[in-house]
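S.K.: Dropping a structure here in structure tokens format, bear with me for questions.
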Amino acid sequence: METVTSSDSSSAVENEHPQDTPESNNSVYTSFMKSHRCYDLIPTSSKLVVFDTSLQVKKAFFALVTNGVRAAPLWDSKKQSFVGMLTITDFINILHRYYKSALVQIYELEEHKIETWREVYLQDSFKPLVCISPNASLFDAVSSLIRNKIHRLPVIDPESGNTLYILTHKRILKFLKLFITEFPKPEFMSKSLEELQIGTYANIAMVRTTTPVYVALGIFVQHRVSALPVVDEKGRVVDIYSKFDVINLAAEKTYNNLDVSVTKALQHRSHYFEGVLKCYLHETLETIINRLVEAEVHRLVVVDENDVVKGIVSLSDILQALVLTGGEKP
């Protein structure tokens, strides 16, 4: 199997309940992650969808929607191994690459198999599947997610070769939050976003309410971000267009007209949309984490007192600060 696995930390299970002195509280979450394995996070039952690479791309995306999942491991029958992941990013890349106009059907989406798309997309730049063993530490998992700039990490049993679970930033942070009250609170948890400088505050990728979906897809491809704040003419955030919203084009079979505005494309969820989840630079890291976990979102939009966008704080930023850098800016 051509895969990249993260090596087990030598300290993976040395200490189930690390005893930190007050001076070393800043590393308490790092110690926790090093003392728990990926296996500890796997629920007793969860849905996992696997696609064979010979499946048609269109059917695969409809299956993602039907099953309510955002990604699926890809099984290559010829190689008898998992070779990659199919995600909403692939759907975006296909639409952006092949869309011509509302009058022309996207042949490649209708007819291509997953293996054909992978050959076109990867070409000569072969990327091995990044995965992890269930015995590896959660610290290794966080490191792998951030180092490889990925959002999903398959947990694959090295003996059977079976995919057991898919780890995400969201699931790891939720797991950490379950135990967070048992630890002495690190000093940095009471510091503000501004003090810690966590997040992205330069070259924020955004769209206007009138921006066509096709243009938004191009921004996703170019900037490699997972969401775009939607702003009015004064730069105030009024909505957010995420990669997950794009899969609705498949759900409603409206992917043949990408000239509509993001505002129109977002109308499908207006009946339950509670508004953009925001935060301020003066708010503490503890407040930010609580908001992210409780709302089960992947990022918060940082705004000023007028709701003008100042930055984005993602789950990746949070985990990097908590686990890899002990609250300090990397």
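One is the number of the first residue shown, and numbering goes on along the chain from there.
Keep in mind that glycine also has a Cβ here, set from the backbone N, Cα and C atoms.
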S.K.: Return the residue out of Lys170, Lys174 that Swiss-Prot annotates for the same ADP 2 site as Arg70, Ser242, Lys243, Phe244, Asp245, Arg269, Leu277, His298, Arg299.
M.R.: Lys170
S.K.: Among His112, His151, His268, indicate the single residue that Swiss-Prot lists for the AMP 3 site containing Thr200, Ala205, Ser226, Ala227, His298, Ser314, Leu315, Ser316, Asp317.
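M.R.: Answer, per Swiss-Prot (AMP 3 site with Thr200, Ala205, Ser226, Ala227, His298, Ser314, Leu315, Ser316, Asp317), from His112, His151, His268: His151.
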S.K.: To which of Val130, Val207 does Swiss-Prot also attribute binding of ADP 1 at the site defined by Met85, Leu86, Thr87, Ile88, Thr89, Asp90, His151, Arg152?
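M.R.: My reading of Swiss-Prot gives Val130 as the candidate in that site.
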S.K.: If I take every residue in the domain 'CBS 4' (272-329) and average their pLDDT values, what number comes out?
M.R.: 90
S.K.: Check the DSSP secondary structure of Ala227 (AMP 3 binding site), expressed as helix, strand or coil.
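M.R.: Looking at the DSSP assignment, Ala227 (AMP 3 binding site) belongs to a strand.
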S.K.: Take the Cβ of Lys243 (ATP 2 binding site) and count every other Cβ within 10 Å, whichever protein chain it belongs to.
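M.R.: 20, counting other Cβ atoms within 10 Å of Lys243 (ATP 2 binding site).
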S.K.: What stretch of 125-187, 198-260, 272-329 shows the most Cβ pairs under 8 Å to the domain 'CBS 1' (43-103)?
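M.R.: That would be 198-260.
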S.K.: Measuring Cα to Cα, tell me the gap between Ala227 (AMP 3 binding site) and Arg299 (ATP 2 binding site) in whole angstrom.
M.R.: 8
S.K.: Sorted by position, what residues of the same chain at least six away from Arg299 (ATP 2 binding site) have a C-beta under 8 A from it?
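M.R.: In sequence order, the residues whose Cβ lies under 8 Å from that of Arg299 (ATP 2 binding site) (at least 6 apart) are Ser226, Ala227, Leu292, Ile312, Val313, Ser314, Leu315.
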